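Database features (TrEMBL):
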DOMAIN    1-325  domain 'Aminoacyl-transfer RNA synthetases class-II family profile'
BINDING   E81, G82, T83, R112, Q126, E130, R257, Y261, Y262  L-histidine binding site
Amino acid sequence: MIQALRGTRDILPEEIGYWQLIEDTVREILGRAVYQEIRAPIFEQTALFERGIGEATDVVGKEMYTFNSKGGNKSITLRPEGTAGVVRAYIENKLHAQGGVQRLWYTGPMFRYERPQAGRQRQFHQVGLELLGCAAPRGDAEVIALAIDILQALGLKDLKLDINSVGNQEDRTKYRQVLVDYLEPYKNDLDEDSKDRLTRSPLRILDSKDTKTQEIAQNAPKIIDSLSPESKKHFDIVLQLLTDLNIEYQINHCLVRGLDYYTHTAFEIKSNDLGAQATVCGGGRYDGLVKELGGPETQAVGWAIGMERLVILLQKLSSNPINTPDLYLVSRGEAAEAQSLLLAQQLRQTGLAVELDLSGSAFGKQFKRGNRSGAVACLVLGDAEAENNTVNLKWLASGEQQAIAQKDLLAMTEELKTKIIKLKGFD
Ligand code: ATP
Ligand code: MG
């Protein structure tokens, strides 16, 4: 049998309710802040990610799914993240020409060649947001507040916001030297990747997952102390705005993004309920990226939430939001079965969720399935009902039932809905 590839998985109907809940919540909360959805292609020219994420990163260096086009003259990559594609689309479609800020969000699958484990896959999904054309600290605070809003609306409580500033390009150049001077004497104690980064991308050593390296990094000079007064001011205002918004944070001096076009704010939102793969959301400011990719100088800030990790959290937290019918339609006999499909369609058109039993099996078996379906009532159509154009309405909790003309049933659907909402226990 052919099986799904390692690091990929099927999202089955039993789990889909969580995904739809996340998608609905994102759409609603970002819609209220007037962010617009954008859908960029899933594959792009490899060069976009090499320039847009950076060749020194793990993502580009080790994790990309890259192949040649059929023609053989173009290198293509399955997107490992969303920002590069959105920024390319922003430039290519001249969204900047509309002036002012662009508020965009996206969702979809991303691809990284990683070692699969809980919360870490090769095909995974993100929802992300980009605020383009805004240099103000209020932009940073707005996007962070929206990420928190989404996570809280989904019921997550034990969240931790880590934040840092990597300043502007000059600040970082200055800090890079300070950091290398500090790390040089510890060179032999660093993990292999970090040794390598000492010359290529030293800031990313701070972010190492190796415990020994982390210990060394903990005592490193802090980037905040290398910030220019303007950069420091930007960061202080962001922090003040978060306080005003009642959002708690911890400054994490080791939280960095190593590349030149990442500027100022970097942040991560973690959950204590996730174990090793604790980060649900990562983001920050990238004032240099649009220009790097050939667009006009455009300041920007954004984030991405990992949906698989969010689903794991929701599964621990809340009951499964599954799609259950309001009514379950049972029928048997040629005429009854024909009428039942028509009746199901008519009821569905009024807004009721109707599951039609298609088995043609004995009434008893159909009732059993009706009871398990989550419906609050069964509609029963047999030979006698079909003959008279009636239907039997049976409320499952009370067992109460009544025979009713099909046209009368269709005339009382508003009443039915009110009763169903009450019985399902929400409004
Ligand atoms: P990590 O340190 O966990 O590898 P990252 O820094 O590579 O994360 P980002 O590129 O910032 O992650 O992506 C944002 C979010 O996307 C992460 O916080 C995480 O929730 C999710 N994510 C990243 N990689 C994966 C993956 N392979 N499988 C599932 N989710 C992922
Ligand atoms: Mg990663």
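Think of each number as a place in line: the chain as shown, counted from 1.
Cβ atoms are placed via backbone N, Cα and C, with glycine included.
Mapped onto this structure are the features recorded in TrEMBL.
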{"residue": "E81", "record": "L-histidine binding site", "Cβ contacts under 8 Å, 6 or more apart": "F49, I53, V59, M110, Q126, G128, A304"}
{"residue": "T83", "record": "L-histidine binding site", "Cβ contacts under 8 Å, 6 or more apart": "G52, G128, E130, Y286, L289, G302, A304"}
{"residue": "R257", "record": "L-histidine binding site", "Cβ contacts under 8 Å, 6 or more apart": "V166, L203, A266, G284"}
{"residue": "Y262", "record": "L-histidine binding site", "Cβ contacts under 8 Å, 6 or more apart": "V166, G284, R285, Y286, G288, L289"}
DSSP three-state assignment (helix, strand or coil) for Q126 (L-histidine binding site)
strand
Please find which two of E81, G82, T83, R112, Q126, E130, R257, Y261, Y262 have the most distant C-alpha atoms, given that the record lists them as binding L-histidine, and give only that distance in angstrom, rounded to a whole number.
22
Confidence over the domain 'Aminoacyl-transfer RNA synthetases class-II family profile' (1-325), expressed as mean pLDDT on the 0 to 100 scale, is 94
Around ligand 1, within a Cβ distance of under 6 Å, which of the binding-site residues T83, Q126, R257, Y262 show up?
Q126
Should R257 (L-histidine binding site) be counted as helix, strand, or coil on the basis of DSSP?
coil
Using all protein chains in view, find how many other C-beta atoms are within 10 Å of the C-beta of Q126 (L-histidine binding site).
22
Let me know the DSSP-derived helix, strand or coil state of E81 (L-histidine binding site), please.
coil
